[in-house]
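Below: the structure, in structure tokens.
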Amino acid sequence: MSPQTETKASVGFKAGVKEYKLTYYTPEYETKDTDILAAFRVTPQPGVPPEEAGAAVAAESSTGTWTTVWTDGLTSLDRYKGRCYHIEPVPGETDQYICYVAYPLDLFEEGSVTNMFTSIVGNVFGFKALRALRLEDLRIPPAYIKTFQGPPHGIQVERDKLNKYGRPLLGCTIKPKLGLSAKNYGRAVYECLRGGLDFTKDDENVNSQPFMRWRDRFLFCAEAIYKSQAETGEIKGHYLNATAGTSEEMIKRAVFARELGVPIVMHDYLTGGFTANTSLAHYCRDNGLLLHIHRAMHAVIDRQKNHGIHFRVLAKALRMSGGDHIHSGTVVGKLEGERDITLGFVDLLRDDFIEKDRSRGIYFTQDWVSLPGVLPVASGGIHVWHMPALTEIFGDDSVLQFGGGTLGHPWGNAPGAVANRVALEACVKARNEGRDLASEGNVIIREAAKWSPELSAACEVWKEIRFDFKAVDTLDPEK
């Protein structure tokens, strides 16, 4: 460009590469109520200062690139850029830092978790200047939350639909997860529901395989639901997995479930994707269906302590995208989940206002401004001996799901369901009487087993089962 044709945008432009921290590290910045705030665990490459690493995260997840560009002069970077505004070392680690980044709200499309994640957890996670990067938490401002529908119905509406109050809901995943014919699958569902469970569930990888096509499964499960409801006088449900290879096919399956009159469908929200999940959540609200969410693939993303996305962020994203239930770990079962961390994101799922609490891994105060809550689902390696702990840890607003802990009963599915229902009712009754479930749990179960042969048999089968492994993802030590 000659001096005679120089444009206003190019005036003052100087080509080349400059340090990110000169533009994107702003420790004097005061965050706004409308900013999306992120807490990143940053592990820089040797020789990279934490200020440069934090600024690089802010830049590459917002307006920045590796070199200066003349089109910067066509917009206001101060208005749109992300800012690393605070950095603190991680206690007990020599090369890890928590970097706090503020993003202006105008960077994100309204009502789109997909767009939010594309920016905040996009290409920056492959940035060479960082050895590892993990998104620990997000503060979603009320102004952005109000652009989302959220869960199709929420906790209170679900209880009203089911007419079930004052206790956790009880579920079961049908096993074996793959290989059953549709008719045998429906029979297993019926036996569990008539035995006293509120829900049964498709496993996350049950979609529409050669051994059991989705339409056949839906029909036999609907028959099982209606037959068990007629026998027990209770409202029953089965999580019919609508997850499919295309969003159109997913919605078609949800439409068929609605036509059958069943109360709930299911989606694998991480493998299915946030766009598909939000579409399904909108359909479920419009058509009176509850939506159960499975988190298959989450551990690929969230299990490593120094790289990925913490599940509390995935849980917040799900509440925004939409779901009435989501699997949250058990604390006591076979799957990963430390107690304090798990209870932290359980509160983020259920409550309307959650204070910052680093002892539970919550980096920001979160106000959901009345967005409906999500029921946490405890599932994975649990059985009747775990019932007191689960009731005490998760409280009434939860779903406790016993797959092998129901279908593994020596007398069959229905007695397995009876054992779990008796154990749950005994724990709720004891808690309401003021007894301490943590210290008296085993006594409470043994007392109930005296008048329930089904529970007695279950207690005998699983009396030696333990999953005593330390969690991989743990809280940082205090300073």
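Each residue, glycine too, has its Cβ placed from N, Cα and C.
Residues annotated as active site, proton acceptor in Swiss-Prot: K175, H294. For N123, T173, K177, R295, H327, S379, the entry in Swiss-Prot reads substrate binding site, with the evidence type sequence analysis. What Swiss-Prot records for K201, D203, E204 is Mg(2+) binding site, and it gives sequence analysis as the kind of evidence. Positions annotated as N-acetylproline by Swiss-Prot, on the basis of sequence analysis: P3. As annotated by Swiss-Prot, N6,N6,N6-trimethyllysine applies to K14. What Swiss-Prot records for K201 is N6-carboxylysine. What Swiss-Prot lists as site 'Transition state stabilizer' is K334.
Annotated features, which come from Swiss-Prot, shown on the structure.
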{"residue": "T173", "record": "substrate binding site", "DSSP class": "strand"}
{"residue": "K201", "record": "Mg(2+) binding site", "DSSP class": "strand"}
{"residue": "H294", "record": "active site, proton acceptor", "DSSP class": "strand"}
{"residue": "H327", "record": "substrate binding site", "DSSP class": "strand"}
{"residue": "S379", "record": "substrate binding site", "DSSP class": "strand"}
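Using a 10 angstroms CA-CA radius around H294 (active site, proton acceptor), the recorded positions that qualify from N123, T173, K175, K177, D203 are D203. Other residues of the chain with a Cβ within 8 Å of the Cβ centroid of K201, D203, E204, the Mg(2+) site, are T173, I174, K177, D202, N205, V206, Y239, N241, M266, H294. Counting every protein chain shown, the number of other Cβ atoms lying within 10 Å of the Cβ of K175 (active site, proton acceptor) is 16.
In this structure, the C-alpha atom of N123 (substrate binding site) lies 39 angstrom from that of K175 (active site, proton acceptor).
Neighbour counts of Cβ atoms within 10 Å were taken for the recorded positions K177, K201, H294, R295, H327; the minimum is at K177. Binding-site extent for substrate: residues N123, T173, K177, R295, H327, S379, maximum pairwise Cα distance 37 Å (rounded to the nearest whole number). Take the binding-site residues N123, T173, S379: by the count of other Cβ atoms within 10 Å of each Cβ, the lowest one is N123. When the binding-site residues K201, D203, E204 are ranked by how far their Cα is from the Cα of K177 (substrate binding site), D203 comes first. Here the binding-site residues are D203, E204, and the one whose Cβ sees the fewest other Cβ atoms within 10 Å is D203. DSSP assigns N123 (substrate binding site) to a helical segment in the three-state reduction. Measuring Cα to Cα from H327 (substrate binding site), none of the recorded positions K175, K201, D203, E204 fall within 10 Å.
Calculated from their C-alpha atoms, the gap between K175 (active site, proton acceptor) and K201 (Mg(2+) binding site) amounts to 10 Å.
It is 12 Å from the Cα atom of E204 (Mg(2+) binding site) to that of S379 (substrate binding site). For K201 (Mg(2+) binding site), the nearest neighbour among the binding-site residues T173, R295, S379, judged by Cα separation, is T173.
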